[in-house]
Amino acid sequence: MSWIERIKSNITPTRKASIPEGVWTKCDSCGQVLYRAELERNLEVCPKCDHHMRMTARNRLHSLLDEGSLVELGSELEPKDVLKFRDSKKYKDRLASAQKETDEKDALVVMKGTLYGMPVVAAAFEFAFMGGSMGSVVGARFVRAVEQALEDNCPLICFSASGGARMQEALMSLMQMAKTSAALAKMQERGLPYISVLTDPTMGGVSASFAMLGDLNIAEPKALIGFAGPRVIEQTVREKLPPGFQRSEFLIEKGAIDMIVRRPEMRLKLASILAKLMNLPAPNPEAPREGVVVPPVPDQEPEA
(Lines of atoms letter the chains of each structure in order from A and count residues from 1; the text may use other names and numbers.)
(Lines give C-alpha, C1' and ligand atoms only; values in the text may rest on other atoms or scores of the structure.)
Protein backbone atom coordinates (compact mmCIF):
# COMPACT_ATOMS: atom_id res chain seq x y z
CA MET A 1 0.00 0.00 0.00
CA SER A 2 1.43 3.38 -1.01
CA TRP A 3 1.75 6.22 1.49
CA ILE A 4 -1.01 8.13 -0.29
CA GLU A 5 -3.44 5.23 0.10
CA ARG A 6 -2.50 4.87 3.79
CA ILE A 7 -3.30 8.56 4.40
CA LYS A 8 -6.58 8.33 2.47
CA SER A 9 -7.69 5.32 4.50
CA ASN A 10 -7.28 7.30 7.73
CA ILE A 11 -9.34 10.25 6.53
CA THR A 12 -12.90 10.28 7.82
CA PRO A 13 -15.19 12.50 5.76
CA THR A 14 -17.26 14.93 7.80
CA ARG A 15 -20.92 15.48 7.15
CA LYS A 16 -21.74 18.88 5.75
CA ALA A 17 -23.82 20.88 8.21
CA SER A 18 -27.22 21.70 6.81
CA ILE A 19 -28.61 25.18 7.36
CA PRO A 20 -32.41 25.48 7.12
CA GLU A 21 -33.65 27.57 4.23
CA GLY A 22 -34.52 31.16 5.13
CA VAL A 23 -32.10 31.47 8.07
CA TRP A 24 -29.89 33.87 6.12
CA THR A 25 -30.74 36.64 3.68
CA LYS A 26 -28.88 39.29 1.72
CA CYS A 27 -29.26 43.07 1.85
CA ASP A 28 -30.79 44.40 -1.38
CA SER A 29 -28.53 47.46 -1.24
CA CYS A 30 -25.04 46.51 0.00
CA GLY A 31 -25.18 42.73 -0.50
CA GLN A 32 -24.25 41.96 3.12
CA VAL A 33 -25.29 38.46 4.27
CA LEU A 34 -27.59 38.90 7.27
CA TYR A 35 -29.06 36.57 9.88
CA ARG A 36 -32.79 36.58 9.21
CA ALA A 37 -33.96 36.69 12.85
CA GLU A 38 -31.49 39.46 13.69
CA LEU A 39 -32.74 41.47 10.70
CA GLU A 40 -36.33 41.06 11.92
CA ARG A 41 -35.30 42.30 15.36
CA ASN A 42 -33.79 45.34 13.61
CA LEU A 43 -37.16 45.95 11.88
CA GLU A 44 -35.85 44.89 8.44
CA VAL A 45 -33.16 47.61 8.45
CA CYS A 46 -29.68 46.54 7.33
CA PRO A 47 -27.24 47.08 10.24
CA LYS A 48 -24.39 47.72 7.80
CA CYS A 49 -25.78 50.27 5.32
CA ASP A 50 -29.10 51.29 6.99
CA HIS A 51 -31.10 50.22 3.93
CA HIS A 52 -34.80 49.98 4.84
CA MET A 53 -36.14 46.76 3.35
CA ARG A 54 -39.83 46.15 2.82
CA MET A 55 -41.75 45.01 5.86
CA THR A 56 -44.98 43.02 6.07
CA ALA A 57 -48.08 44.88 7.20
CA ARG A 58 -48.58 42.74 10.30
CA ASN A 59 -44.95 42.97 11.41
CA ARG A 60 -45.13 46.73 11.02
CA LEU A 61 -48.28 47.06 13.12
CA HIS A 62 -46.98 44.66 15.77
CA SER A 63 -43.74 46.64 15.99
CA LEU A 64 -45.73 49.89 16.40
CA LEU A 65 -48.52 49.11 18.86
CA ASP A 66 -48.22 48.03 22.48
CA GLU A 67 -48.09 44.28 22.92
CA GLY A 68 -51.43 42.73 23.82
CA SER A 69 -53.44 45.77 22.72
CA LEU A 70 -54.00 44.93 19.04
CA VAL A 71 -57.50 44.28 17.68
CA GLU A 72 -57.90 43.77 13.93
CA LEU A 73 -60.66 45.65 12.09
CA GLY A 74 -62.38 44.82 8.80
CA SER A 75 -60.88 41.34 8.47
CA GLU A 76 -64.25 40.02 7.27
CA LEU A 77 -64.07 42.15 4.10
CA GLU A 78 -62.93 40.18 1.04
CA PRO A 79 -62.40 41.25 -2.59
CA LYS A 80 -64.83 40.11 -5.30
CA ASP A 81 -64.28 39.80 -9.04
CA VAL A 82 -67.43 41.74 -9.91
CA LEU A 83 -66.23 42.68 -13.42
CA LYS A 84 -65.01 39.16 -14.26
CA PHE A 85 -61.81 40.90 -15.27
CA ARG A 86 -59.14 39.08 -17.22
CA ASP A 87 -55.82 40.25 -18.64
CA SER A 88 -53.09 37.63 -19.06
CA LYS A 89 -54.69 35.93 -16.05
CA LYS A 90 -58.11 35.95 -14.40
CA TYR A 91 -58.45 38.46 -11.57
CA LYS A 92 -59.90 35.81 -9.26
CA ASP A 93 -56.82 33.67 -9.91
CA ARG A 94 -54.54 36.62 -9.13
CA LEU A 95 -56.41 37.16 -5.88
CA ALA A 96 -56.15 33.49 -4.92
CA SER A 97 -52.42 33.50 -5.68
CA ALA A 98 -51.80 36.69 -3.66
CA GLN A 99 -53.86 35.41 -0.73
CA LYS A 100 -51.92 32.16 -0.67
CA GLU A 101 -48.56 33.93 -0.92
CA THR A 102 -49.21 36.55 1.78
CA ASP A 103 -51.84 34.85 3.96
CA GLU A 104 -53.83 38.11 3.72
CA LYS A 105 -57.27 38.66 2.18
CA ASP A 106 -56.27 42.03 0.68
CA ALA A 107 -53.54 44.65 0.64
CA LEU A 108 -54.47 46.71 3.73
CA VAL A 109 -54.42 45.55 7.36
CA VAL A 110 -56.13 47.73 9.99
CA MET A 111 -55.78 47.43 13.76
CA LYS A 112 -56.68 49.46 16.81
CA GLY A 113 -54.59 49.41 19.94
CA THR A 114 -52.43 51.62 22.10
CA LEU A 115 -49.13 53.39 21.46
CA TYR A 116 -47.29 53.98 24.75
CA GLY A 117 -50.72 53.63 26.36
CA MET A 118 -52.41 56.14 24.01
CA PRO A 119 -55.39 54.78 21.99
CA VAL A 120 -54.74 54.85 18.22
CA VAL A 121 -55.98 53.23 15.03
CA ALA A 122 -53.27 52.13 12.59
CA ALA A 123 -53.34 50.80 9.03
CA ALA A 124 -50.51 49.29 6.99
CA PHE A 125 -50.20 48.14 3.39
CA GLU A 126 -49.02 44.66 2.44
CA PHE A 127 -46.96 45.40 -0.68
CA ALA A 128 -46.53 41.69 -1.46
CA PHE A 129 -50.30 41.52 -2.11
CA MET A 130 -50.55 42.58 -5.78
CA GLY A 131 -48.08 45.41 -5.25
CA GLY A 132 -50.17 46.88 -2.44
CA SER A 133 -52.69 48.01 -5.05
CA MET A 134 -55.83 49.80 -3.87
CA GLY A 135 -59.14 48.14 -4.64
CA SER A 136 -62.59 48.40 -3.09
CA VAL A 137 -61.64 46.37 0.00
CA VAL A 138 -58.60 48.56 0.68
CA GLY A 139 -60.84 51.61 0.45
CA ALA A 140 -63.50 50.05 2.68
CA ARG A 141 -60.95 49.04 5.31
CA PHE A 142 -59.40 52.51 5.31
CA VAL A 143 -62.83 54.07 5.83
CA ARG A 144 -63.44 51.53 8.63
CA ALA A 145 -60.19 52.76 10.23
CA VAL A 146 -61.39 56.37 10.02
CA GLU A 147 -64.78 55.46 11.51
CA GLN A 148 -63.10 53.64 14.40
CA ALA A 149 -60.83 56.61 15.08
CA LEU A 150 -63.88 58.89 15.14
CA GLU A 151 -65.73 56.51 17.46
CA ASP A 152 -62.77 56.24 19.85
CA ASN A 153 -61.87 59.93 19.46
CA CYS A 154 -58.26 58.96 18.76
CA PRO A 155 -55.56 59.55 16.11
CA LEU A 156 -55.15 57.57 12.89
CA ILE A 157 -51.81 56.42 11.44
CA CYS A 158 -51.40 54.89 7.98
CA PHE A 159 -48.25 53.26 6.56
CA SER A 160 -48.49 53.34 2.76
CA ALA A 161 -46.62 50.98 0.41
CA SER A 162 -48.48 50.76 -2.88
CA GLY A 163 -48.12 50.82 -6.63
CA GLY A 164 -51.44 52.67 -6.91
CA ALA A 165 -55.00 51.84 -7.92
CA ARG A 166 -55.79 48.22 -8.85
CA MET A 167 -56.47 48.14 -12.58
CA GLN A 168 -58.45 44.87 -12.33
CA GLU A 169 -61.20 46.77 -10.49
CA ALA A 170 -61.26 49.68 -12.96
CA LEU A 171 -63.55 52.54 -11.87
CA MET A 172 -64.38 50.87 -8.55
CA SER A 173 -60.71 51.17 -7.69
CA LEU A 174 -60.41 54.80 -8.79
CA MET A 175 -63.44 55.86 -6.76
CA GLN A 176 -61.61 54.79 -3.59
CA MET A 177 -59.44 57.89 -4.00
CA ALA A 178 -62.47 60.12 -3.45
CA LYS A 179 -64.02 57.81 -0.86
CA THR A 180 -60.95 57.75 1.39
CA SER A 181 -60.31 61.48 0.99
CA ALA A 182 -63.92 62.28 1.96
CA ALA A 183 -63.60 60.07 5.04
CA LEU A 184 -60.48 61.97 6.13
CA ALA A 185 -62.41 65.24 5.93
CA LYS A 186 -64.44 63.97 8.92
CA MET A 187 -61.21 63.53 10.88
CA GLN A 188 -60.33 67.13 10.10
CA GLU A 189 -63.78 68.36 11.17
CA ARG A 190 -63.39 66.55 14.50
CA GLY A 191 -59.87 67.91 14.97
CA LEU A 192 -58.30 64.45 15.24
CA PRO A 193 -54.74 63.93 13.95
CA TYR A 194 -54.06 61.81 10.89
CA ILE A 195 -50.41 60.94 10.31
CA SER A 196 -49.39 59.44 6.98
CA VAL A 197 -46.15 57.45 6.86
CA LEU A 198 -44.82 57.01 3.33
CA THR A 199 -42.70 53.89 2.82
CA ASP A 200 -41.06 52.43 -0.26
CA PRO A 201 -42.83 52.64 -2.67
CA THR A 202 -45.86 54.94 -2.42
CA MET A 203 -47.11 55.65 -5.93
CA GLY A 204 -50.12 56.19 -8.17
CA GLY A 205 -53.64 56.64 -6.83
CA VAL A 206 -52.58 56.05 -3.23
CA SER A 207 -50.03 58.88 -3.33
CA ALA A 208 -52.63 61.03 -5.10
CA SER A 209 -55.17 60.56 -2.31
CA PHE A 210 -54.95 59.68 1.39
CA ALA A 211 -51.18 59.04 1.48
CA MET A 212 -50.45 62.76 1.01
CA LEU A 213 -53.36 64.09 3.08
CA GLY A 214 -51.81 63.67 6.50
CA ASP A 215 -51.71 66.48 9.02
CA LEU A 216 -48.11 65.34 9.04
CA ASN A 217 -46.54 63.42 6.14
CA ILE A 218 -43.55 61.39 7.31
CA ALA A 219 -41.33 59.29 5.04
CA GLU A 220 -38.83 56.53 5.63
CA PRO A 221 -35.30 57.08 4.23
CA LYS A 222 -34.86 56.66 0.46
CA ALA A 223 -38.54 55.78 -0.07
CA LEU A 224 -39.79 56.15 -3.66
CA ILE A 225 -42.78 58.53 -3.57
CA GLY A 226 -44.69 59.93 -6.54
CA PHE A 227 -47.48 59.42 -9.03
CA ALA A 228 -45.86 58.01 -12.18
CA GLY A 229 -42.53 56.22 -11.82
CA PRO A 230 -39.24 57.83 -12.86
CA ARG A 231 -38.84 55.57 -15.90
CA VAL A 232 -42.27 56.57 -17.23
CA ILE A 233 -41.50 60.26 -16.67
CA GLU A 234 -38.15 59.99 -18.47
CA GLN A 235 -39.81 58.32 -21.46
CA THR A 236 -42.50 61.02 -21.53
CA VAL A 237 -40.37 64.17 -21.17
CA ARG A 238 -37.38 62.61 -22.96
CA GLU A 239 -34.97 64.02 -20.40
CA LYS A 240 -32.68 62.51 -17.79
CA LEU A 241 -34.04 63.02 -14.27
CA PRO A 242 -31.79 64.33 -11.49
CA PRO A 243 -30.20 61.81 -9.08
CA GLY A 244 -32.52 60.75 -6.26
CA PHE A 245 -35.61 62.08 -8.06
CA GLN A 246 -38.82 61.09 -6.20
CA ARG A 247 -36.88 59.75 -3.22
CA SER A 248 -37.85 61.03 0.23
CA GLU A 249 -34.61 63.06 0.57
CA PHE A 250 -35.40 64.85 -2.72
CA LEU A 251 -39.00 65.50 -1.67
CA ILE A 252 -38.13 66.99 1.72
CA GLU A 253 -35.78 69.45 -0.02
CA LYS A 254 -38.73 70.56 -2.18
CA GLY A 255 -41.12 70.81 0.78
CA ALA A 256 -43.37 67.94 -0.37
CA ILE A 257 -43.08 66.03 2.93
CA ASP A 258 -42.59 67.13 6.53
CA MET A 259 -39.85 64.87 7.86
CA ILE A 260 -37.84 61.70 7.33
CA VAL A 261 -37.69 59.22 10.22
CA ARG A 262 -35.67 56.02 10.44
CA ARG A 263 -37.78 52.95 11.14
CA PRO A 264 -36.20 52.08 14.53
CA GLU A 265 -37.04 55.61 15.71
CA MET A 266 -40.55 55.71 14.21
CA ARG A 267 -42.51 54.35 17.19
CA LEU A 268 -41.24 56.87 19.72
CA LYS A 269 -41.36 59.73 17.21
CA LEU A 270 -45.03 59.04 16.35
CA ALA A 271 -45.95 58.72 20.03
CA SER A 272 -44.20 62.00 20.87
CA ILE A 273 -45.92 63.89 18.04
CA LEU A 274 -49.37 62.49 18.82
CA ALA A 275 -49.01 63.14 22.56
CA LYS A 276 -48.30 66.80 21.79
CA LEU A 277 -51.19 67.04 19.31
CA MET A 278 -53.61 65.34 21.72
CA ASN A 279 -52.35 67.36 24.71
CA LEU A 280 -51.23 64.22 26.54
CA PRO A 281 -48.10 63.52 28.63
CA ALA A 282 -44.96 62.75 26.62
CA PRO A 283 -44.25 59.01 26.25
CA ASN A 284 -41.61 57.41 28.43
CA PRO A 285 -38.93 55.94 26.12
CA GLU A 286 -37.81 53.64 28.95
CA ALA A 287 -41.25 52.04 29.27
CA PRO A 288 -40.85 48.24 29.24
CA ARG A 289 -41.97 46.44 26.11
CA GLU A 290 -41.22 42.84 25.26
CA GLY A 291 -39.17 42.55 22.09
CA VAL A 292 -38.74 39.74 19.63
CA VAL A 293 -36.86 36.75 21.04
CA VAL A 294 -33.96 36.14 18.66
CA PRO A 295 -32.37 32.68 18.56
CA PRO A 296 -28.54 32.49 18.60
CA VAL A 297 -26.70 33.10 15.34
CA PRO A 298 -25.69 29.82 13.63
CA ASP A 299 -21.96 29.06 13.66
CA GLN A 300 -21.77 28.74 9.90
CA GLU A 301 -22.64 31.33 7.32
CA PRO A 302 -24.06 30.08 4.02
CA GLU A 303 -21.60 29.41 1.25
CA ALA A 304 -21.24 32.21 -1.30
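Note that Cβ sites are derived from N, Cα and C of the backbone, with glycine treated the same way.
Positions annotated as domain 'CoA carboxyltransferase N-terminal' by Swiss-Prot, on the basis of sequence analysis: 23-292. Among the features that Swiss-Prot reports, zinc finger is placed at 27-49, with the record citing sequence analysis. The annotation Zn(2+) binding site is assigned in Swiss-Prot to Cys27, Cys30, Cys46, Cys49 on the grounds of sequence analysis. Look at Swiss-Prot and you will find 285-304 tagged as region 'Disordered'. The compositional bias 'Pro residues' annotation in Swiss-Prot covers 295-304.
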Residues within 8 Å of the Cys27, Cys30, Cys46, Cys49 Cβ centre (excluding the Zn(2+) site residues themselves): Asp28, Ser29, Gly31, Gln32, Leu34, Pro47, Lys48, Asp50, His51
Packing count at Cys30 (Zn(2+) binding site) (other Cβ atoms within 10 Å of its Cβ): 12
The zinc finger (27-49) - residue tally per DSSP class, helix then strand then coil: 6 helix, 4 strand, 13 coil
Chain-internal residues near Cys49 (Zn(2+) binding site), provided their CB is under 8 angstroms and they sit 6+ positions away: Cys27, Ser29, Cys30, Gln32
Surrounding CB atoms that lie within 10 Å of the CB of Cys46 (Zn(2+) binding site), all protein chains: 20
Local confidence of the domain 'CoA carboxyltransferase N-terminal' (23-292) - pLDDT mean: 95
